[in-house]
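**Q** One structure, pasted below without further comment.
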Amino acid sequence: MKKAVVLLSGGLDSTTVLYLAKSQGYEVYAMSFDYGQRHKKEIQCARDVASGTGAADFVLVTTNMNAWGGSALTDNSIKVPEFNEESEKIPVTYVPARNMIFLSYAASYAETIGAYDIFIGVSEVDYSGYVDCRHEFIDSMEKTINLGTVCAVEHKKYIKIHAPFLYKTKSEEIKIGMDLGVKYEKTWTCYNGEEFACGICDSCRLRLEAFKEAGYKDPIKYKGEK
């Protein structure tokens with residue numbers, strides 16, 4: 001069975017990608033990150049998703065990106081904006097070079113275990129404006145990985161980065177996930193790590209609108225819901 005490293009945050013996108021990779025016959029190795037983000041709730045969700053789907057392994061990487069901050073997700077002094085509060089510019093929830101760092105770790109793990117496929121749940125259609133969710137970045141990272149790994153340079157075994165939802169809307173992604181049996185109640189999207197999702201941050205609003213557009217009710221609980 002082919003092995004694949006799946007970057008798993010515990011959110012909607014990465015969880016759907018993991019289910020998709022499994023449906024395509026891959027033996028899944030999940031990789032998550034404790035990078036000093038605002039809360040750890042998503043990490044537990046990632047762990048639960050990996051366990052519940054029978055992932056071959058779950059690796060948690062610790063890298064303290066909060067040491068330099070630069071994002072509302074790694075610096076508590078920066079307020080998490082509400083939906084559309086920064087619609088014309090890159091939001092303060094962008095974490096500098098995060099996907100570059102994550103994919104570098106994934107490449108190292110993949111080469112070590114003999115996996116030549118990496119899955120990531122980025123989209124350049126329905127996203128918050130993050131520059132590291134674009135196809136130009138994904139294509140460039142794949143090229144860089146294959147220039148800097150022995151498996152590619154010496155053995156001609158090239159690593160492929162799969163971003164299956166790169167050109168899909170979040171609602172299209174949810175429809176695919178529903179067909180795959182994704183347990184969305186086990187995922188966490190909110191930028192805040194409280195008992196219930198806030199429903200007003202950019203991430204929550206994109207999720208809620210996507211479920212509505214897809215014709216489903218979001219199964220997680222939101223603050224203020226009865």
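Cβ coordinates are placed from backbone N, Cα and C, and glycine is handled just like the others.
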**Q** Can you tell which of C151, C190 Swiss-Prot lists as binding Zn(2+) with C198, C201, C204?
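**A** The record-listed residue among the candidates is C190.
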**Q** Roughly how many angstrom lie between the C-alpha atoms of C190 (Zn(2+) binding site) and L12 (ATP binding site)?
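**A** Pair distance, Cα basis, whole Å: 10 Å.
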**Q** Within 10 Å of the Cβ of L8 (ATP binding site), how many other Cβ atoms can be counted across all chains shown?
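**A** So the Cβ neighbour count for L8 (ATP binding site) comes to 32.
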**Q** Out of L8, G10, T16, which of these binding-site residues is nearest C204 (Zn(2+) binding site) by C-alpha distance?
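**A** Result for C204 (Zn(2+) binding site): the nearest of the binding-site residues is G10.
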